[in-house]
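Visitor: Below you'll find the structure I mean.
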Amino acid sequence: MHFTTVDYVIFVLLLVASAGIGLFYAFSGGRQRTTQEFLMADRSMSCLPVSLSLLATFQSAVAILGAPSEVYTFGTQYWFLGCSYFLGLLIPAHVFIPVFYRLRLSSAYEYLELRFNKTVRICGTVTFIFQMVIYMGVVLYAPALALNAVTGFDLWGAVLAMGLVCTLYTALGGLKAVIWTDVFQTVVMFAGQLAVIVVGAGQAGGIAEVWRKATNGSRIAGLDLNPDPLERHTFWTLGVGGVFLMLALYGVNQAQVQRYLSSRTEKEAVMSCYVVFPCQQIVLCMGCLMGLVMFARYGEDSPFFVQMVLYFVMDVFRDLPGLPGLFVACLFSGALSTISSAFNSLATVTMEDLIKPHFPNMTEARATLLSKGLALAYGLVCLAMAYIASIMGSVLQAAFSIFGMVGGPLLGLFCLGMFFPWANPIGAVVGLVVGLAMAFWIGIGSFVMRMSGPTPVPPLNTTDLPLFDNMTTTVMTTLLSATTAKPTGVEALYSLSYMWYSAHNSTTVVVVGLIVSLLTGPMKEKELTPGTVFPVLGTLLFFLPERYREKLCCITPLGQKVTSYFHSVFSTIGYHNTCFEQSLYLCRPAQRSQLTALSNGQERQQRSSLLQRGHSHRGQGGRKRQSTNGR
């Protein structure tokens, strides 16, 4: 099966359109001359493009191929993952977004410094960079490999075309280009999947016939309430474990947080979570329908083999020139949207967390140029990682797993800081280290146990590799153990359903972090930076006397830390600087009022001097707290 000229034309049009969007935003508007415009889209995005970008960011090519494989092989039990979307999107909308947005952050890891200290921030940033660098090369290489095996499409031609085009529009157009290309690529993804379902169902005799064959083949699953955490997919693993997986993705992942923070208002950022909910449900249903149509065509007697989804698509579109090209465009749209988000988020955290703090006097023009250079550099790193992925062999699955192992501990770190006011920096660092160690121990142990055991059935689809704790995990086909005996001891831990990984690892970070914090001297509410703790425990423990609640948890409501009033003050001053806005809330109230009074047009030097006095006051408080802890 090979591509026709029409198919190649459609694929090239996808690349040209994506590059064109990047060039448009590179030479229009502010022309990406400031870091706020390049990295944060001038905080001017509306709800709809942000929500579609949120959807596309981790709807990778691996995910598009994985869901139909899952349903074809195991049935529709996987659909119950949609139940986790309720809390998985409501909690970010009403907990994480208000905290991040009101602090006026650019990087999610800035929060960790405001809540804990710089060490915790650096640990979080380095962990995220490691996670994304490992991931992005493999997500670029895997779909190209699958496509090459089925269609003869040139492997490295596809990798280079995608990598270079993605690097071009990300480095030139900034976050605005990334978001709007995500919107375009989302439409292409929907069109490609819908075409497969419509044509495939028609050839199978209609949706009713597809459903009848799936029912007869035991592919329509009922509600499985088995509480065993070792069971791969049950209602509890998908509906409850999936909540933690969604929180790791939509709550604290920099790629998603950056999109929330690019919204014009907090209300639009919250609405983007609501809009993405039905979109996620539609994507989930389309993946399940593709799997059922595939089963109706081949039946359960047909052996499952590598790249079967692509074979199915090429078989369905055999006599329809142009439609194979549309699905390939759909596939690579998923890859482009994921990789471009990785480039942009990596450039942001590197700039905001690792470079700017050490060069506070860097000019805006130089900072913007350096941000573009970082996006370009990460694009080249992605191509290098794709090459490494091509020679990794069986280690490829482990590389995918490493990405997911990091998601849970990072979620635990943010939850530790946001919900437990007595957690201190030492507890945060120790909790993160222990959480990562636990995640790698279980993940790698599970991988080694499977690889050393009998050959599993069905064979592993190399395009469907497990990514624990990531949205793409939820559409992967994982290895099944050929052993029927129930595992015990350490093997039972290794056999934990991958859907519980995020919950297990994040809980480990929180529990260890709290224990260490209590042993080394817990923080008090008055020592916290305002707006960094969400007072959820104060609400849950409403039945306790106030003096106990005050000792145990933050009872002060989350204030509107960046109000429209102060925003108007910044506009009047004409000083649009995120660090300045954050610093305003680190000063004492008297200094804060003096700062706002400077909107009459006094020199910027006076503002800087006042800010330094505010930071000095906070630093003395921090040193005093450390000496107290030391005693």
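Glycine residues also receive a Cβ, built from the backbone N, Cα and C atoms like all the rest.
The transmembrane segment annotation in TrEMBL covers 47-66, 78-101, 122-143, 155-175, 187-208, 233-252, 273-296, 326-349, 369-389, 395-419, 426-449, 498-521 (among others). The annotation region 'Disordered' is assigned in TrEMBL to 597-631. According to TrEMBL, the compositional bias 'Basic residues' annotation covers 614-631.
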Visitor: What same-chain residues lie close to the transmembrane segment (326-349): Cβ under 8 Å, and 6 or more beyond its ends?
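Guide: Residues 3, 7, 10-11, 13-14, 18, 39, 53, 56-65, 106-109, 125, 128-129, 132-133, 135-136, 139-140, 143, 147, 151, 153, 158, 162-163, 165-167, 169-171, 174-175, 178, 181-182, 184-186, 188-189, 191-193, 195-196, 254-255, 258, 313, 317, 371-372, 374-375, 378-379, 382 contact the transmembrane segment (326-349) from elsewhere in the chain.
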Visitor: Is it true that the transmembrane segment (426-449) and the transmembrane segment (369-389) have 3 or more Cβ pairs under 8 Å, skipping pairs fewer than 6 apart in sequence?
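Guide: Between the transmembrane segment (426-449) and the transmembrane segment (369-389), contact is absent.
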Visitor: Below 8 angstroms Cβ to Cβ, which residues of this chain, lying six or more residues outside the transmembrane segment (273-296), approach it?
Guide: 47-48, 51-52, 54-55, 59, 63-64, 66-72, 76, 78-79, 81-82, 85-86, 89-90, 92-93, 97, 190, 193-194, 196-197, 200-201, 204-205, 209-211, 213-214, 217, 219, 250, 308-309, 312, 475
Visitor: Is the number of Cβ-Cβ pairs under 8 Å between the transmembrane segment (78-101) and the transmembrane segment (369-389) three or more, considering only pairs separated by 6 or more positions?
Guide: no
Visitor: Determine which recorded stretch among 155-175, 233-252, 369-389 has the most C-beta pairs below 8 angstroms with the transmembrane segment (498-521).
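Guide: Looking only at 155-175, 233-252, 369-389, the most contacts with the transmembrane segment (498-521) come from 233-252.
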Visitor: With a Cβ cut-off under 8 Å, give me the same-chain residues at least six positions beyond the ends of the transmembrane segment (233-252) that come close to it.
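Guide: Distant Cβ neighbours of the transmembrane segment (233-252) are 54, 58, 74, 77-78, 80-81, 83-85, 87-89, 91-92, 95-96, 108, 223-227, 273, 276, 407-408, 410-411, 414, 469-471, 473-474, 497, 499-503, 506.
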Visitor: In the same chain, who gets a Cβ under 8 Å from the transmembrane segment (155-175) while lying at least 6 residues past its ends?
Guide: 15, 18-19, 21-26, 32, 37-41, 140-141, 144-145, 147-148, 181, 258, 262, 332, 335-336, 339-340, 343-344, 372-373, 375-376, 379-380, 382-383, 386
